[in-house]
Amino acid sequence: MSADLVTSPDPSHPANLIPSLCAKFWHLGWVTGTGGGCSIRDDDLVYIAPSGVQKELMKASDLYVLSLAAQQSASLSRRQRVYLRAPESGLKPSQCTPLFLAAFTKRRAGCCIHTHSQWAVLVTLLLEAGSGEKEFRINNIEQIKGFGRGFEKSGNLGYHDTLVIPVIENTAHEEDLTEFLEEAMDRYPDTYAVLVRRHGVYVWGENVHKAKTQCESLDYLFQLAVEMKKLGLPWITQIEPVVPTRTE
Ligand SMILES: [Zn+2]
């Protein structure tokens, strides 16, 4: 077990970033009571927070590190994992691990964040109370511009575009969500997030910056959507684009 993999004076090293990001997310109510988490991929190395740790108190030495290429070896079963580095403190690997790996392998993401944000949960409850809808849709809100157009596409969504986030049903064990998350990724090739009913959301991006800002934009939109619903305001509207009239 190599301590070198998680020892660096650089605050932007994944082993230092994960604890600092998780502490921020804890203050936002995204990873309360050890739920939720964050994983970063640096080329072939994947850094993952352990299960059950208090997210605001996590240290670099608590992290697991694995090789993505080794993980995709045909000789390993779906649930088998070979860690390059594990913490010594009797911690257990996160149940989110295969879900984070799905974002890294299927989308070549550089970072994946899982929150138990109440706004995400409330949006899934509102959809369930409606007609059991399997996707969240919203348009004509400025913050939608915080999202990329999709996997391997350049540029971001525009103000008038519709942001669509698929919803999957929760399972008793987090690991069992993996096949449903992967199915949702196949059905929605351009999505950067999947909502989990009565549970939370998984959000990824090609790097830490993009995953974090998309996660923040999404949480903003989920909160806004809940408040809009309370006020009887629709999430989807038809609005004529306003074009500048000045020509000078
Ligand atoms: Zn969870």
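Each residue, glycine too, has its Cβ placed from N, Cα and C.
Annotations in TrEMBL come from automatic prediction, not curation.
Since this is a predicted model, take the numbers as computed values, not measurements.
Within 10 Å of the C-beta of Glu142 (active site, proton donor/acceptor) we count 9 further C-beta atoms, all protein chains included. The feature active site, proton donor/acceptor is assigned by TrEMBL to Glu142.
Marked as substrate binding site by TrEMBL: Cys96. On its own chain, Cys96 (substrate binding site) has Gly37, Ser39, Ile48, His114, Glu174 as residues at least 6 apart in sequence with a Cβ closer than 8 Å to its own Cβ. Under DSSP, Cys96 (substrate binding site) is assigned to coil, being neither helix nor strand in the three-state scheme.
Annotated Zn(2+) binding site per TrEMBL: His114, His116, His199, in sequence order.
TrEMBL lists 16-226 with the feature domain 'Class II aldolase/adducin N-terminal'. Note on the domain 'Class II aldolase/adducin N-terminal' (16-226): its mean pLDDT in the predicted model is 93.
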Cβ-based neighbourhood (8 Å from the centroid) of the Zn(2+) site, residues His114, His116, His199 excluded | Gly35, Gly36, Thr115, Ser117, Ala120, Val121, Val196, Gly200, Val201, Tyr202
Round to a whole number and give the Cα-to-Cα distance in Å for the pair His199 (Zn(2+) binding site) and Glu142 (active site, proton donor/acceptor).
-> 26
Within 10 Å of the Cβ of His199 (Zn(2+) binding site), how many other Cβ atoms are there?
-> 21
Based on Cβ atoms within 10 Å, give me the single least packed residue among the binding-site residues His114, His116.
-> His116
